[in-house]
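Visitor: Swiss-Prot lists 1-19 with the feature signal peptide. Look at Swiss-Prot and you will find 20-52 tagged as region 'Disordered'. Positions annotated as region 'Framework-1' by Swiss-Prot, on the basis of similarity to another entry: 20-44. Per Swiss-Prot, pyrrolidone carboxylic acid is recorded for 20. Here Swiss-Prot flags 24-38 as compositional bias 'Low complexity'. The annotation disulfide bond is assigned in Swiss-Prot to 41-109 on the grounds of sequence analysis. Marked as region 'Complementarity-determining-1' by Swiss-Prot: 45-53. Taken from Swiss-Prot, the feature region 'Framework-2' covers 54-70. The region 'Framework-3' feature in Swiss-Prot is assigned to 74-109; the stated evidence is similarity to another entry. The region 'Complementarity-determining-3' annotation in Swiss-Prot covers 110-118.
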């Protein structure tokens with residue numbers, strides 16, 4: 001049975017020159033149990049390309065967001081190692097290997113700088 005991992009982009013406007021920045025995610029990604037999926041988060045050379053402070057959050061329906069990855073590729077304690085993060089150029093990615101039913105959720109990327117969060 002296939003099920004979708006639904007994605008939304010977390011956008012929190014900053015201030016000054018950062019106020020117009022935004023991160024772009026695909027509208028949805030789907031996979032079947034056991035498969036691997038990669039979710040992209042694309043910015044620009046001024047944000048994602050310049051900072052290693054990309055985080056990923058998982059939000060199952062009706063629950064609060066949970067931090068899954070911070071600083072591009074670091075996993076907090078308790079997050080399974082089948083979740084991994086990476087970055088190439090202006091695009092950060094979250095890869096989920098060996099999909100499980102409980103992985104069905106919204107996934108958000110976020111970028112933190114010293115003055116702004118996107």
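Glycine too: its Cβ is placed from the backbone N, Cα and C atoms.
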Visitor: Using DSSP, how many residues of the region 'Framework-3' (74-109) fall into helix, strand and coil, respectively?
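Guide: The region 'Framework-3' (74-109) comes out at 3 helix, 17 strand, 16 coil.
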Visitor: DSSP says what for the region 'Disordered' (20-52): how many helix, strand, coil residues?
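Guide: Taking each residue of the region 'Disordered' (20-52) in turn, the totals are 0 helix, 11 strand, 22 coil.
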